[in-house]
Every structure is written in structure tokens, then in C-alpha cells.
Amino acid sequence: MVLKVFFPSCCATAESGLLIGRWIPEQNSAVVLAVVHFPFIPGQVKQYLSEVQRVTQVNMCVLGSWSNSKQEKEEVLDKFLEDLSTIFSHEPWIQLSKEGDSKFWSCCIFQKYPSSPKEHEFILVYYDQRKVMLSQLHPTDSLTTSADHKGNDASELGAVFDTVAKSKVLFMTDRYDDGPIKLTHWQSEGVEASIIVELMKQASVPVCVLLTFLLSLVSSVCKSRVLKFWPLSFIWSKLSTCEQLGHRLEHLQIISSNRKAQNQTQLMRKANIFVSLLIDVALGILLMSWLYRENRIGQLADTLIPVADHIAKELQDLLQWLMGVPAGLKMNRALDQVLGRFFLYHIHLWISYIHLMSPFIEMILWYVGLSACLGLTVALSILSDIIALLTFHIYCFYVYGARLYCLKIYGLSSLWRLFRGKKWNVLRQRVDSCSYDLDQLFIGTLLFTILLFLLPTTALYYLVFTLLRLLVVVVQGLIHLLVDLIDSLPLYSVILRLCRSYRLAASVKFRVLEQKPGKPLRLLMQINPLSYGSVVQTYRLTSYACYPKDSWSSLCKKLFVGELIYPWKHKEEKQD
Amino acid sequence: MEEGMYRAVSGGRIALQRRQYSASCREFSVRCPRLQLRSLSAATCSVWLAAYGLFVLSQNSMVLSAAIFITLIGLIVYLHFVKIDQESLLVIGSLGIQMTSSYASGKENTTFIEMSQVKDVVINEAIYMQKVIYYLCILLQDPREPHGVSEVVPLFQAVLQIPARRIICEERKPSVGWFPHSCFLVQPLEELIHC
């Protein structure tokens with residue numbers, strides 16, 4: 001029978017007394033939490049333990065006796081300690097004793113009704129009480145499913161960590177208290193606290209109340225009916241800035257809520273959101289201070305119109321090239337001219353519009369740049385929206401080209417069926433053979449030939465504008481990816497893993513200390529921290545990223561057929 | 001403490017050390033062949049010769065600095081992430097099994113598996129290149145299914161063909177035989193500790 005005793009390393013130099021802690025019978029292990037010193041009144045000890053048990057919900061009891069004698073073993077003390085086992089009845093009664101400065105302790109068990117005649121073997125595991133108390137164990141996936149089963153299936157280490165973490169109340173009494181019980185544990189030299197932390201905790205309550213009030217005002221304004229009319233609501237849904245602002249509003253609401261975080265996960269989530277907002281706003285203010293210095297806004301506005309002009313000129317050159325002999329292909333002259341002139345007129349309209357707006361650009365940019373103080377993510381979303389607005393004509397051309405091409409493809413496929421003598425049966429949703437009249441066949445074949453020979457021209461226009469549109473989509477996608485990265489990176493957890501790595505524990509590691517034959521096995525339990533990858537994965541904030549809606553094969557199919565593609569789909573918000 | 005010299009799959013010489021701390025605690029550690037000065041100098045010389053050749057062709061001194069950086073960073077990455085110095089297995093009865101790999105730069109990677117998760121320790125066969133090797137692995141219990149196995153964790157990853165036979169078979173009592181072609185040889189965990 002192997003008996004495991006988890007002993008806190010801070011109590012190794014404590015005076016003789018009683019061991020209190022928790023006994024886990026399923027795993028035959030005893031977790032020692034503190035040492036009660038002489039003199040004490042057994043009735044008061046029992047009362048104190050029952051009080052602590054009621055508050056912490058941990059099954060605490062007196063586990064045994066601890067004797068730390070500087071001189072030779074005293075017979076009287078031994079008898080006294082054995083008598084104590086009759087007062088605090090606990091099966092089995094553990095007796096640990098240390099002589100002088102020896103590293104090797106002796107451990108024995110006193111059982112009133114010895115259940116098994118076999119020799120007991122002892123394993124003494126030293127643990128750092130403060131680190132284990134503050135640490136959070138992250139079991140691997142195979143254990144999380146069994147976390148629901150209590151009892152035998154529960155992880156032994158999980159039980160140990162749980163016991164120490166829940167016994168915070170026990171560690172609040174230090175030796176300067178005037179109570180009847182004198183304890184030794186990691187905080188018995190005096191409870192340490194930071195005045196700054198306490199002041200911040202006191203100040204956070206009114207700040208949270210104020211923030212909640214302001215946020216409720218803002219959200220009621222946003223939800224007002226005025227902004228819900230059709231053109232406005234359509235615009236809000238298309239602009240990524242509004243989405244990003246909505247997300248940040250939600251985050252602020254989570255932080256400023258009055259409810260205390262229920263468990264560790266919620267606390268980490270709040271902390272991560274807070275740090276992410278802080279960094280975001282700091283970067284945004286940095287960007288703003290850089291933009292508004294040396295009249296950079298004016299310079300930006302001055303370069304914006306020439307850039308738009310340049311893009312329009314490039315597009316015009318491209319269309320002239322398409323109207324000529326592009327890449328050596330011979331186009332249909334008439335259709336080519338029609339399409340080319342149509343798109344050229346569009347570009348002319350767009351350029352006139354931009355020139356109309358040019359006096360106001362600087363002012364608009366100046367005010368829009370102020371919103372960068374809300375955060376770098378908001379600034380990036382605005383940038384993405386500006387790109388979308390500036391390349392609106394490319395989007396229009398893409399839609400025209402795609403619609404034309406799509407019509408052509410559908411017409412061709414239907415007439416190809418006619419060419420072969422088949423028909424699409426709408427009722428049965430399949431292709432059936434059909435006998436056509438001669439004039440139907442004649443007209444059909446004529447139309448089919450016309451469409452077929454006009455296909456290369458349309459296809460080329462479609463190809464060119466689809467490529468341009470994809471380029472713009474990729475640029476916007478990259479910006480959104482960056483925004484999502486800033487939004488969802490759990491910075492607080494990463495910094496915690498860097499500075500206080502024992503707080504995030506993946507598991508433990510044991511080190512075998514010096515042994516002496518005949519004495520119990522001595523092990524040191526240390527905390528094995530989580531790897532950075534698992535930290536990011538576990539504590540990742542919900543991301544509102546845009547993910548590709550279609551797989552590559554369906555995307556290619558859509559491109560071939562001419563369906564309009566909207567490659568980025570906004571991920572639905574994950575509920576906690 | 002006992003020590004024995006064996007040969008690994010890659011051909012280098014490895015040393016197996018067995019220690020018994022107490023009746024329920026044993027440690028097996030395997031020491032891998034050290035980094036040879038010969039191979040290190042060969043790699044460095046080849047990289048620098050190539051860099052010098054490029055320098056002569058292009059007359060750009062950045063090539064030489066780049067070669068120095070590449071050598072340094074490559075060496076650091078190799079020592080810190082690739083070259084395993086020692087692997088050890090610590091079996092503590094009723095607590096669990098701990099595997100530690102220590103790299104040449106001093107980094108230590110530890111994994112601890114609790115005893116309640118361990119179903120069994122077996123010797124498994126695998127085909128590696130043109131021969132069959134035997135390696136030790138731990139079967140983890142599936143919490144949902146009492147008879148199922150959720151994961152197979154191979155031990156001593158760096159030195160695949162460990163003296164699995166040596167660890168287990170030399171300890172077996174001579175009355176029980178061992179068939180080298182059996183696929184699974186289930187060795188009760190208690191025997192692993194107490195043998």
C-alpha cells in the first residue's frame with residue numbers, strides 16, 4: 001500500500017504540532033495545508049476546522065502529527081502525539097518526524113484497526129504552496145471530458161490543486177493574529193498586499209458604474225429607429241468600420257459589467273479584452289500623433305486625388321488595349337467597341353465625381369482621422385472602407401462583366417442542348433430529349449453560333465475585371481486579417497506566461513531528491529507551464545474574422561460559370 | 001545503478017542507465033551520442049566555402065556576413081530544438097510516469113502522465129526503412145470507454161529503437177519466454193517497476 005503525503009515546503013522548518021489538510025481516500029493521498037502549533041485546545045481546533053470547512057467546501061481535518069525535535073527523540077513527546085490520535089480520530093493517523101537538521105524524515109502510520117497487514121510505503125512530495133494556490137491547471141482534452149465525473153475518475157493532481165486553491169481562507173490568518181490557533185503556512189509570516197492594487201479595486205467600482213451608464217446611452221442611440229431606415233441600415237451593414245465599432249462596444253460592455261467573474265476562464269477573458277483595448281487605443285493615439293504632425297493629413301489629401309486620377313488613367317489605357325488587339329487575340333470589332341465605350345464612359349463619370357469631391361477631401365480626412373483615437377483597429381477598418389469606396393468603379397465593372405458573361409454561358413449551355421436535341425425538364429430537374437421543329441432548330445443554331453463567336457470578347461473583359469476585383473478583395477482581406485489579429489490575440493495571457501509562468505500550468509514535473517534507504521521516497525513537485533501555442537489557443541478571444549466562404553474548387557466553379565463571388569463571409573459571433 | 005552500452009537505429013552508440021530509488025520508483029535514462037566535432041567542422045567549412053565562392057563571383061561582402069549569421073543561427077536552432085542529449089523515463093508507482101528529454105543547449109522538455117490515465121505499457125513493432133524495430137509505448141485510457149485506447153505515446157522518441165527488449169526482457173523471469181515476432185507484448189506495469 002502506497003501512501004502519498006503532499007507536504008508544503010514552507011512548513012519544513014515549522015515547530016512540532018498537528019498536520020491539518022485533506023485526505024483523499026480514493027487515491028490514498030494526504031494533502032497537508034498547514035501545521036497547528038502547541039499549545040491548543042482540541043475543542044477550539046475542531047471548531048475552527050468546521051468553520052473553515054463550511055466556508056471553503058473543502059473536507060478539512062486533522063491528518064496527523066508533526067514533530068520537529070532539535071535534540072534526540074523524546075519518548076514523552078511520542079506518547080503525547082499518540083494520545084492525540086485518540087482525540088482527533090482520523091484513519092489513518094500520519095506521524096511525520098524530523099530530527100535536527102536532517103533532510104531525511106521518518107514517516108509512520110498509526111491505525112486503530114489495521115485493514116491490511118502489509119507494509120506501508122510512503123512517498124513524500126514537497127510542493128510550493130503559494131505557486132500551487134495561484135496556479136490554474138489546464139488538463140489535456142482527454143481529461144476534460146472526464147472532469148464531469150467525480151470520485152475515482154477525477155485527476156489526482158487536479159484534486160490536489162483544487163484543495164490548495166480553495167483553502168485561501170485558511171491562509172489569511174497569520175502569526176500576528178491573536179486567535180487561539182497558531183498556524184504555519186506560506187503566509188504565516190504576514191499577509192502581503194499592495195496598496196496600489198487595493199486603491200485600484202476601490203476606484204474601479206464607480207468607474208465601472210459610470211462606464212456602464214455611458215455605454216447604455218451610446219447603445220440606445222445606436223438602436224434608435226432613426227438609424228434603422230432602409231438605405232442607412234444597408235450602408236451600416238456594408239461598412240466594416242461600423243462592425244468593428246460594434247464589437248468594441250460589446251467588449252467594453254463585458255469589461256464594465258458589475259458581475260464578478262465566476263471562474264478563471266471569465267477572469268482571463270476580461271483581462272485579455274482589457275489589455276487588448278488598452279494596446280489598441282495606445283497604438284491608435286500613436287498613429288494619430290504621427291498623422292497630425294507636420295500636416296501629414298494635408299499631404300495625404302493632396303496625394304489622394306492624383307492617385308485616383310492615376311488609377312483611372314491606367315484603367316482607360318487598359319480598356320484601349322482591350323479595344324485594340326489584346327495579347328494578339330482578334331476581338332469582335334463591334335461588341336468590343338460597345339463594351340469599351342460603355343466602360344470608358346463610366347470611368348469618365350467616376351473621375352468627375354472625384355474632382356467634385358476634391359475640395360472637401362482634406363476636411364473629411366481630418367475629421368475621420370480623429371476617430372483613430374478609438375483604436376488602431378478602427379483606423380484600419382476605415383482604411384479598408386476608403387479602399388472599397390475608391391475602387392467602387394472596379395466593383396461595378398466586375399458586376400457588369402460577370403452578369404454579361406453569366407448570361408452568355410447560360411444561353412450557350414441551353415442552346416448547346418438544343419443543338420444536340422435535348423431540353424432541360426424543369427419539372428423533373430433533368431435533361432430530356434426533345435424533338436424540335438425545323439424553324440426552332442434553325443433560330444437556335446443561329447443564336448448559338450453568334451453567342452459562341454462572341455464568347456472570347458466577353459470572356460476577356462470578364463477575366464480582366466475579375467482579376468482586378470480579386471486584387472482589391474485580397475488587399476481588403478489582409479487588412480481585415482490584421483484587425484482580427486489585434487482583436488483576438490490574448491496579450492494578457494501571453495504576458496502572464498512570460499512573467500508568472502506558474503499561473504498557467506499544463507501539468508507538473510517531479511524531481512527525485514536525495515534518498516536514504518529505509519526512509520520514505522522524497523520527490524519535489526514543480527509546475528510545468530503551458531507552451532505559448534496552447535496559451536494562445538486556449539485563451540483566444542472570439543474572432544469576428546472573415547473567412548473564405550467557399551473552398552477552392554467551388555470558387556473556381558463559380559468563377560467559370562460567372563456567378564458573383566463574395567469570397568469573405570463574416571463569421572457568426574460565437575456564444576460563450 | 002546499472003549501465004549498458006547499446007546501438008541505436010541510426011547507428012550511434014547509446015548508453016542505458018537504470019536506477020532504482022525505492023520499491024515503487026525507478027528511472028531509466030538513455031544518453032544519446034554527443035555532437036561530433038568532425039561533423040560540426042565539416043558543416044561549418046562547407047557553408048563558408050560556398051559563401052566564399054559566392055563572394056568571389058558577386059564581390060558582395062554581404063554574402064560573407066550572411067553566411068556567418070546563418071551558421072550561428074543554424075547552430076543555435078540545432079542545439080536548442082533538434083539535438084537531444086538525454087532522455088529519461090521516471091516511473092513512480094501510484095503517481096505516474098514522467099518522460100524528460102534534455103537538449104544539448106540545456107533545455108528540458110517534461111511530460112507527466114498520471115497513473116489513472118495509463119492503461120498499459122507495451123512493446124510495439126514498426127517497420128523503419130528496411131528493418132523492423134521494437135519500441136516501447138504507453139497506451140492511454142479512454143475515459144469514455146473503459147476498454148478503449150485513446151492515445152499511444154511512444155517513449156524515447158529520439159532513440160527509437162531503444163533497448164526495449166533489454167529494459168523489459170532482461171528483467172523477466174527466465175521461466176517466461178519472449179517471442180520476437182509477436183506484435184504486442186503486454187507487460188504488466190507492476191512488473192516493470194518491481195522486476
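Note that Cβ sites are derived from N, Cα and C of the backbone, with glycine treated the same way.
Taking Cβ pairs closer than 8 Å, the transmembrane segment (A:203-222) reaches residues 246, 249, 252-253, 255-258 in its own chain, all 6 or more past its ends. Feature annotation from TrEMBL assigns transmembrane segment to A:203-222 (among others).
Feature annotation from TrEMBL assigns transmembrane segment to A:273-292 (among others). Long-range contacts of the transmembrane segment (A:273-292) within the same chain, counting only residues at least 6 positions beyond its ends with a Cβ under 8 Å from a Cβ of the stretch, are 248, 251-252, 254-255, 300, 369-370, 372-379, 486-487, 489-492, 495, 541.
Within the chain, the transmembrane segment (A:338-357) has long-range Cβ neighbours (under 8 A, six or more residues past its boundaries) at 305, 308-309, 312, 315-316, 319-320, 322-323, 392-393, 396-397, 400, 457-458, 461. Here TrEMBL flags A:338-357 (among others) as transmembrane segment.
Per TrEMBL, the feature transmembrane segment maps to A:364-391 (among others).
The feature transmembrane segment is assigned by TrEMBL to A:397-419 (among others).
Taking Cβ pairs closer than 8 Å, the transmembrane segment (A:440-464) reaches residues 318, 322, 326, 329, 331-332, 335-336, 339, 401-402, 404-405, 408, 411-412, 415-416, 418-419, 562 in its own chain, all 6 or more past its ends. Positions annotated as transmembrane segment by TrEMBL: A:440-464 (among others).
Annotated transmembrane segment per TrEMBL: A:470-495 (among others), in sequence order. Same-chain residues lying 6+ beyond the ends of the transmembrane segment (A:470-495) with a Cβ under 8 Å from its Cβ atoms: 240, 244, 247, 268, 271-272, 274-276, 279-280, 283, 376-377, 380-381, 383-384, 387-388, 391, 394-395, 504, 532, 535-536, 538-546, 567-568.
Through the fold, the transmembrane segment (A:397-419) approaches residues 342-343, 346, 431, 436, 440-441, 444-445, 447-448, 451-452, 454-455, 458-459, 461-462, 464-466, 468-469, 561-564 of its own chain, all at least 6 residues removed from its boundaries and within a Cβ separation under 8 Å.
Long-range contacts of the transmembrane segment (A:364-391) within the same chain, counting only residues at least 6 positions beyond its ends with a Cβ under 8 Å from a Cβ of the stretch, are 239-241, 243-245, 248, 277, 280-281, 283-285, 287-288, 291-292, 297, 300-301, 304, 308, 311, 472, 475-476, 479-480, 482-483, 486-487.
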